[in-house]
């Protein structure tokens, strides 16, 4: 995600060491030193550990002793090394005299593959030791990233092997190998498959050495991918069945490949080709005049970064392109730069500023509020986000501003401070930033903004500016007051709502405005604490064993238990190839209170008694009298690390044998329940997360039936020998599977929460089943389609008595309140009354009223009407609310108050706080708002109009002077290049469209504009930046901490120039005739056509526990008329080396200067949902052609280790010699693509919401699903569904 910034904090770094010093440094780091580790967890005190560098794997490891590694980080993940105590890990111990290390003895390693980096905070024994580590690691970081791909593969292989071979015995078992391959996304169908491959490698023993493992890897990769459509190999007659190491690609053949297939002009020089091959291979035995590739090495080259699709020459900044005015550039810009997560409870962090600046961001935001001691603080105002000091932020900016780029940085000041604190801000700007702060114009006589070259290493202030001659005065603000901005809220924070099913209290985010209370869906109560989750202390240490997979309880009476144990161990070890030492523990059949250890050795099962005794009232456990343990768990853990010793053998306990039938005693398991019965049970629990597991009729088969998104769904679970399979995820047992999905989502965001059986139904079940939940229920093929139409739920009050005429109608009296009403066409509605659920009643017998159900409004209105945006669950009108404190509390919560509404009888919302003080503050403020709601709203609107500015701060504003946007000034003499305007995305959408896009582009040619996410994006999600970019907006500010598609597009835009943060807009955008939404206005720009074939992939990341089933989506994103998507088929169960059949995908691009080629790898899960795996996005103008590797990145745009696609790509002019469009252009292209590749999405639906893309194809697909679902529903449902139209019954 970050650009190529220097690893040292100040950007300079130590001078490069000599070759001799490198050897000395590497040897010293490999030996290691003892240093003190300062933890990020408050519960852990600093500890002394041995730190070493493992050169074979390029990792830093630490341990207490010599034989057990406690932790490791990959050097390739290190982003920065800072000298001194420059992390919060040191701050936690400032008051502890035992841990006050000398500043010069400390350093911090920042590493990770996400926006928020992790820290390794260390205290060495001397300053020389610190320098040794910093110099050595700085060299290793660069050397590791620049290493040739074969060397990177070698290091990766050793890392995988050593992760299993922890004792460094240079051998692992076949079972370990099978598990390892599963971890790297390769399915081994059975042990026989491995034994056959190992036989090919002349493997004769039960263990595998590293050399054999490496050879197996080469064999697996080549054998799977030699079938790819590579004409060069076919032409070279290298496709025969010989082993790849016996086939060679000579230097002349490789040179021919580079020239003819890759179009590499430099390859005409034979010496350059020779040098390239030698640097790639790094093999002393092939440092000869004519080096060569073995065939599998050549295929590895095709997938390598050395064969990238991106033209790396564009990574360099071209100074000649940096002489235009700032308004001609796209400038990398951050919104809410200080945040590390969401906008209501995450942490404000100095590290976020450092991270953004080192990623090349050139416009950052400072949200300033009055703080203590006369100095402002920075945070997201009136929220739970933490606060940081303004002065600390300035020091961080100074330190990191020009590490990644020397081009100017713009500080966008969101100022909420008093005049006094504004003056202090101005003073600190000058004091801290010094000469880098721009305080006067570059050229007074200029008629436009200065260029990036003119502003090198300068920091500009964006802030409102006073009129000439004012000491301070009020100026108009361009930001309208809005109740929906969380910064304008009266109070907000975490409160708790009771779950009506399990009566647990769950956190929700509440916002009190001048007229309403908004509350979110269930959220996390963690308020952005940087600390890692503290480990939970186990209660009852003597019972720790009960949840371990090796504990089987009582297996049988008498000798039955012994026989059952022997059978379990024998079946498990023979089937899985488990090693000696595999074991289980069971209750003793003959000695009450004792246990029996049964284990596998030399093909037989042996048994050992575990004795127990009481010692001072507490139990003790032992095998021999001289070594006693406090718990059975401690005893087993000990012998997993220390060998069992007796006269005949010495052996560690190795692999626990899982329980096979433990699920039968669980409350969620049903041995004899049909699908229909399961559905009927779940229909009575209208809560997502309700679930049960049932045995299916097919052998070794189960089903999880659950509720999600209001619907009942099912998924199959298959028992395959000793393994339980859910989709392609493997578990040791059904209990392990359920336990895993109680902690992780099973379907979208749904976790298994409420186990359902008859006892649970009696407590929480409704009287009437929810038949609506059976939409999709009868068709196992449709698991994921949501409700076909959103329904508006309300409450109604009866105007007359009504007596039901049929069984599916309600009976009610005048003034009855009918809840949860769904309005239907034809004069008949459905609702809940008198214990009856969703029965029919005539709509002309009732009048609508406010109801609790109506508090959850339709999604279309959420973004516009709520400060919580998509997180909104409910809203209450404060003047209509009545507040009552519950002194007695409720259900284990002491601090509870109730909110009721006079218009809704017998309804209240119980809300819990964490403390009495918090409860009283909420109650007080809600009551105050209820009395003064109208006055508060009027006051807020009055305050919006004027803002006081200190002269000292105003004088620091030179070029970026925010003013209200005035469309009438565009193109006139009144337009001033020093003025700029800011727009929330919703306002910007009014200008970046076909009607006004050309006019807005005219504005941006002279002046700057900044666009930022709307305030309702509390989850810090981002908007689509493409329409803003093509209309010339320079400062399109995004949440850098959010790993979504807009940020990935942003990273792609600034690829050119090596993430320097400035990209010159195409010259066509400075053509006054150019219209961003009209391709006929493209003058002097040649359209192009692209043809792509996806051939294969390597080292795709895993998503969860299963082996992925990947497919690739290829997208051209850019101008509205160019946008189009296509996708491959999916490959079953292979993420290590999948291959796709040759199929060309064609794209025609009218505006290649503003077009991106985007690859996204998804996996298709068991619900036919697509889950993100990896992506790569490039500007089209920087693509190379031929057989090219596409290096893949994660969602944070960080490079994934060795992950890549192999594609064949051709780019050619879209116009033929006679001037006509090529056969791959225009409508014919789209038609051909539809015929060739199945699902195709094209043309952005930019009318209305900018995020409502490609909706028509999805809508068509949804309708076809509904039709098919209705077919199954009508075929399988016993009772026909009836609707009413105009009073008539319809079947």
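Just so it is clear, glycine is given a Cβ too, placed from its N, Cα and C backbone atoms.
Noted in Swiss-Prot for the protein shown:
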- 2: N-acetylalanine (MOD_RES)
- 152-187: domain 'EF-hand' (DOMAIN)
- 320-464: domain 'PI-PLC X-box' (DOMAIN)
- 489-523: domain 'PH 2' (DOMAIN)
- 506: phosphotyrosine (MOD_RES)
- 668-756: domain 'SH2 2' (DOMAIN)
- 771: phosphotyrosine (MOD_RES)
- 775: phosphotyrosine (MOD_RES)
- 783: phosphotyrosine (MOD_RES)
- 783: phosphotyrosine (MOD_RES)
- 791-851: domain 'SH3' (DOMAIN)
- 895-931: domain 'PH 2' (DOMAIN)
- 977: phosphotyrosine (MOD_RES)
- 1071-1194: domain 'C2' (DOMAIN)
- 1222: phosphoserine (MOD_RES)
- 1228: phosphoserine (MOD_RES)
- 1249: phosphoserine (MOD_RES)
- 1254: phosphotyrosine (MOD_RES)
- 1264: phosphoserine (MOD_RES)
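Recorded features from Swiss-Prot, shown on the structure.
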residue: 506; record: phosphotyrosine; Cβ contacts under 8 Å, 6 or more apart: 496, 497, 499, 522
residue: 771; record: phosphotyrosine; Cβ contacts under 8 Å, 6 or more apart: 683, 838
residue: 977; record: phosphotyrosine; Cβ contacts under 8 Å, 6 or more apart: 325, 327, 447, 448, 449, 959, 1006, 1007
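By the Cβ criterion (under 8 Å, sequence separation of 6 or more), the domain 'SH2 2' (668-756) is not in contact with the domain 'PI-PLC X-box' (320-464), since fewer than 3 such pairs are found.
Secondary structure of the domain 'EF-hand' (152-187) per DSSP (helix as H, G, I; strand as E, B; remaining residues coil): 23 helix, 3 strand, 10 coil. Residue 506 (phosphotyrosine) carries a strand DSSP state (E or B). If you average pLDDT over the domain 'SH2 2' (668-756) in this model, you get 90. According to DSSP, the domain 'PI-PLC X-box' (320-464) comprises 46 helix, 30 strand, 69 coil.
Across the domain 'SH3' (791-851), DSSP classifies residues as 3 helix, 32 strand, 26 coil.
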